[in-house]
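As given in TrEMBL:
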DOMAIN    A:50-461  domain 'Amino acid permease/ SLC12A'
REGION    A:1-21  region 'Disordered'
TRANSMEM  A:44-69  transmembrane segment
TRANSMEM  A:75-96  transmembrane segment
TRANSMEM  A:117-140  transmembrane segment
TRANSMEM  A:160-179  transmembrane segment
TRANSMEM  A:191-209  transmembrane segment
TRANSMEM  A:229-253  transmembrane segment
TRANSMEM  A:265-289  transmembrane segment
TRANSMEM  A:309-337  transmembrane segment
TRANSMEM  A:358-380  transmembrane segment
TRANSMEM  A:386-409  transmembrane segment
TRANSMEM  A:421-441  transmembrane segment
TRANSMEM  A:447-463  transmembrane segment
Amino acid sequence: MVDQPVDADAAGENIAGEVPAEEPEAVTDDAVVHDDNVELERTIGLVGGLAIGIGTMIGAGIFVFPGLAAANAGLAATLSFAIGGLIALLVALPTSELATAMPRSGGGYYFISRGMGTAYGAIVGLGLWLGLMFASAFYLVGLGHYASAVFAELNVALPFSPVIGIGLLFGAALTALSIGGTENTAKIQNVVVGVLLVVLTGFLSYGVLDAVGVFGGGTVPEQFFSRGYFRVLTTAALVFTSYLGFAQVATVAGEIKQPGRNLPLAMVGSVLIVTVFYVVTIFVATSAFGAERLGEFGETAMVEVAREFLGLPGAVAILGAGLLATFSSANASILSASRAVYALSRDALLPRKASEVNLRYGTPHIALLSAGGPILVLVATGRVELLAEVASFLHLIMYGLMCIALLVLRRRNPEWYSPSYRVPGYPVVPAVGALASFGLIVFMQPASIAIGVVVMLASYLWYRYYAGDVTLKGDI
Amino acid sequence: MTDRLSILVPIRVLEGESIPEGVPELLAHAHVVLLGYHVIPEQTAAGQARMQFEDRATERLDEYEEMFEDAGATVERRLVFTHNGQKTIDRMIAEHDCMAVLVPNATGPVEDVLVPVRGAIGVDRLARVVASVFGNMDADVTLYHVADEDTTDDDIQTLLGGMADRLAEFGMDPSTIETRIDRDQNPLDAIVDVADAFDTVVMGETDPSLATFVFGMPADQVANRFLGPVFVVQRERAAADEDE
């Protein structure tokens, strides 16, 4: 892939008379080239891409869900995580193909708006923006639980539960930091993910050895489907939030070096890595306590698991890791939400002003605030499971539509569509990916589904009202 | 003119960096690759910065391009929005096959050029840059070497003599070439001290090593401490010399 023209001409104007920004002339391994010799450098390598994917995902799956999942599905929660990983993989493969064909910022929104038209694009784009807010809020509440556990560990008795307060505090701090901070956050993210993987590998290795009886402990075998088969699927729907991160890699597709190689590797790689970690974590956690007791510990169950295995140092290590992981997940999601706002405003689906760059810090303050503000409101609800499911719902809609967009593009096979990576097992993999994504939604709580549908409807109405004349569909 | 060498002039175009006085004249005989770049924080998508700043950046680059062309240079220009300025500069060096990068600082008319020579490696490229940029100017070139204890005078004469011959081969008047040798000093400090009396410095890039990783490239350090313009001659890159 040396010079790949993008032949998707955006046209029309929104209610404020703004037109979509013109498409770039060419996309190379190192830059996105616009006419007049203006280039956008690609600066994120494979490690950076993996760090974005893993960093966004690992916070939820390991540090928030084990207790909740075990309470819902018993030992079979392991299977729930495996199902989630399988679905994520089925979507990550088609996403990789789309991303190598259109390595532009905006991720799923970009693929769907170019492949299926503005209406679908608007629903997905606005849904993605809101979905990322729900996800961030979920991570922040998780962070609040970990911070509260620190207080509990220090024997500081508080007259009230500090979970939501801390979540709000960190949410506000993160937003302020993203607006005013000029530090190299990507480097920090890489280090954080590296540290997390090392701590977890050490801890889980010990846990696995212990569980199989090397240290004399051994565990009482437990009935696998103690809560029935149906619960396995509802739990899979709940914990799917742990697999949202790979699509965030596609959100920054325009900034990834050698996208033809690095995008598929980063997306598929991060899904595979976190799936293994999740499954092993649940296995270790349930074998330490049994699902019943694990469920009683709630969001910070992993701290108790670590305490059981390694005493106080273990608990402290996992507490620290949990804080880091939820923090980095929340941070990555806020940044992705801001990228989503940019992609929408670039295409005139949101006011151009929304992606304006602050002159003092060079950061998109309006986009960041429009992500950070609503997040605080969501954090204030404190409903972990609801936040997680709505986030998953909105992402799953996008995942399903991405698979369909791939099927559409492959069938029409427009001239500009020449992905350097092609999904194996076409058309079965994308078809099953789409069915599985939509299928998982059925197993969510009615409240989550209702909120998700309202968000989609509102997105569609906004599109009709604000940008009904904008056409973004590629020439297919 | 095919014998003009490509010299990269990177300018942080939106941060008030402009073309300092004397620089266009300095590059009158070169093929200038004018790189306007803007480094943006991670939180910002490069395209986002482009939407907002492209016009202003283009306007300034137009102005700079004209300055170079008026002075006699041929100009090619690029505008890049990037999260990593160094990566962009490296890519430009490779894509345009640039022999040297100019660290642009103000200077008057150039009369004295200091050329620190470290060793035999890269002498050819160093000589080509000096000859092609200053060959048609009325400037004196001083070849400078800071020797350590083990180096004999003969070794140094061979080195600097060889360099002078090379310059003559490339068409420079031998009478404008002088040599100067100092001993037992920290090469870096010595170069910076001596450079005070000169208008500009042309020196080779060093191969990356642990020391350069910790302290930075010597050429960059000289550029930071010397107030005039510095040409950093690039070491030979594997793929860069194919179409010479």
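For all residues, glycine too, the Cβ spot is worked out from N, Cα and C.
Fair warning: this is a prediction, and the values are worked out from it, not measured in the lab.
Highest Cβ contact count with the transmembrane segment (A:358-380) among the listed stretches A:44-69, A:75-96, A:117-140, A:191-209 falls to A:117-140 (criterion: pairs under 8 Å). Sequence-remote contacts of a segment are chain residues at least 6 beyond its ends whose Cβ falls under 8 Å from one of its Cβ atoms, and for the transmembrane segment (A:229-253) they are 44, 49, 52-58, 60-62, 65, 68-69, 72-74, 76-77, 79-81, 83-85, 87-88, 91-92, 95, 98-99, 102-108, 110-111, 131, 135, 138, 259, 263, 266-268, 270-271, 274-275, 278, 329, 332-333, 336, 339-340, 343, 385, 388-389, 391-392, 395-396, 398-399, 440-444. Outside the transmembrane segment (A:44-69), and at least 6 residues removed from its termini, the chain residues within Cβ reach (under 8 Å) are 77, 80-81, 138-139, 142, 145-146, 186, 189-190, 192-194, 196-197, 200, 235, 238-239, 241-246, 248-249, 252, 255-257, 261-263, 265-267, 269-271, 273-274, 277-278, 281-282, 285-286, 294-302, 305, 318, 321-322, 325-330, 332-333, 336, 384-385, 388. Counted over residue pairs separated by six or more positions, the transmembrane segment (A:447-463) shares fewer than 3 Cβ pairs under 8 angstroms with the transmembrane segment (A:265-289), which leaves the two as not touching. Note: the stretches the transmembrane segment (A:160-179) and the transmembrane segment (A:309-337) are in contact (3+ CB pairs below 8 A, sequence gap of 6 or more). Within its own chain, the transmembrane segment (A:191-209) has Cβ neighbours under 8 Å at 50-51, 54-55, 58, 62, 215, 277, 280-281, 283-285, 287-288, 305-306, 309-310, 314, 317-318, 321, 324-325, 328, counting only residues six or more beyond its boundaries. The recorded stretches the transmembrane segment (A:309-337) and the transmembrane segment (A:117-140) share 3+ CB pairs below 8 A when only pairs 6 or more apart in sequence are counted, and are therefore in contact.
Averaged across the domain 'Amino acid permease/ SLC12A' (A:50-461), pLDDT in this predicted model comes to 88.
Beyond its flanks by at least six residues, the transmembrane segment (A:75-96) meets 61, 66, 69, 108, 111, 222-227, 229, 231-233, 235-236, 238-240, 242-243, 246-247, 250, 263-264, 267-268, 271-272, 274-275, 278-279, 282-283, 286, 291, 399, 402-403, 406, 421, 423-424, 429-430, 432-433, 436-437, 440 of its own chain at Cβ-Cβ distances under 8 Å.
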